[in-house]
Amino acid sequence: MPERNTISWNGLISGYVKNGMTWEAREAFDKMPERNVVSWTAMLRGYVQEGRLKEAREIFDEMPERNVVAWTTMINGYVIHDKVDLARKLFEVMPGKNEVTWTAMLMGYTRSGRIEEALSLFRLMQLQGIRPNFPSMISTLSVCGSLATLNHGREVHAQLVRSLFDCDVYVCSVLITMYMKCGDLVNGKRVFDRFTSKDTVMWNSIITGYAQHGLGKEALQVFYDMVSSGVPPDEVTFIGVLSACSYTGRVKEGLQLFESMKSKYLVNPKTEHYSCVVDLLGRAGKLNEAMNLIRDMSVEADACVWGALLGACRIHNRLDMAEVVAKKLLLLEPENTGHYILLSNIYSSQGRWRDVAALRSNMRVQSLSKSPGCSWIEVEKKVHTFTGGDITSHPEHAVILRMVEKLDGLIIEVGYSPDGSFVLHDVEEEEKVHNLRHHSEKLAVAYGILKVPKGMPIRIMKNLRVCGDCHAAIKLIAKVTEREIVLRDANRFHHFKDGSCSCGDYW
């Protein structure tokens, strides 16, 4: 070119950046006689795309002026590369935030699993009068589903209706998932039914939802409806229906579906599907068949597959097989504390305290620590979290403890007997009973009875699998208080009512 201006230089730099040629972009950037905010932002974007955040921040700090695009690019860079705290620091000092920046920050918290912070940010967004855009509403729905904050989910649904987004197939799928994860089956099914042209994702959302609630019959019926309507099932569909069979003990139907995957529906089984079938067989006590299936797999068994078998060993007290499986898992995932804890639980249930101590010593040497069991409940749009054994951190701990003791007395009168085998420490029986009383899900249930109006379900979430003692206790609490209690643990939903659970004690 006989004459080059800032626009032509920026065109060259942007072209290099779009094609991943950051080195060439920087060379042109350094040669430019005069730069503007577009030049700086293009170079910033190049470094962010390559994950070179140190260079990106240097460019950002050197910029003589920064527009909203530059701020958002840098914040997005931190978010994409899991540096959410650095993104938040920048977000706090950014002038003139817009809905794109708020959404970037919201998605950052959602992606990194920091659900409470995401929800808190969404509340702040609403208080400051920022109109949420489509991506931010979708992110918030995912947050509501993960945290099971149903009231916030309903509010976002209402905003989607007002914005005329609720007729979108993708939005409906996210809404179904949110309602199902929040334990609201009625509204999840209502969203599903009102949409005539359903795609595979929507069918999968309802099948997976029913599976999580242990409604195997309903999940299978939806699957057959899907097939008869001409929508072909995919890999996700089969994870849903196989899980549904596993959670409800439908071994024969599950095996038939697994066999039909490739032969009838042309879907090649992956490790996730084998994991479901291993879980199906393991829960039903067919551990040898599960082990044979793993040996005959057409793909290499991963930690999910072996983990499903180890869980079955825990249920059926197969210590011989558990030790073999645990060794496999510790080779595959040496830093996953869950495998150590599960084996430790098996040792504990059989009183092998020396083996428990050796395992825990091994964990300390490797600086591994167990994630504490915690449960949470949403009351008046605020999430209250409880950690097992740590009651005093809640401002209303005194009244919660009195309710826990009252409930304990009521359920003992109708036949409850604390099961000390679920206290995985070598301690005296009296201390075991005390420990069981302060499990996080019991504290959350007690708080729910205190705060949730009668006639409304008490919805509890737990980050780990509910223990057998708590499961037995909550069944009786539901009976003596005449309340419906919905508990979502790491595996599935439990609906407690009139002294029984929807899982039929098969979990």
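Cβ atoms here come from the backbone N, Cα and C positions, even for glycine.
Nobody curates TrEMBL annotations by hand; they come from automatic prediction.
The annotation repeat 'PPR' is assigned in TrEMBL to 5-35, 36-70, 98-132, 199-233, 234-264. Here TrEMBL flags 415-507 as domain 'DYW'.
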Below 8 angstroms Cβ to Cβ, which residues of this chain, lying six or more residues outside the repeat 'PPR' (5-35), approach it? 42-43, 45-47, 49-50, 52
Could you tell me how many residues in the repeat 'PPR' (5-35) are helical, how many are strand and how many are coil under DSSP? 23 helix, 0 strand, 8 coil
So how many of the residues in the repeat 'PPR' (36-70) end up helix, strand or coil by DSSP? 26 helix, 0 strand, 9 coil
Taking every residue in the repeat 'PPR' (5-35), what is their average pLDDT? 93
When DSSP states are grouped into helix, strand and coil, how many residues of the repeat 'PPR' (199-233) land in each? 26 helix, 0 strand, 9 coil
Please list the DSSP helix, strand and coil residue counts for the repeat 'PPR' (234-264). 27 helix, 0 strand, 4 coil
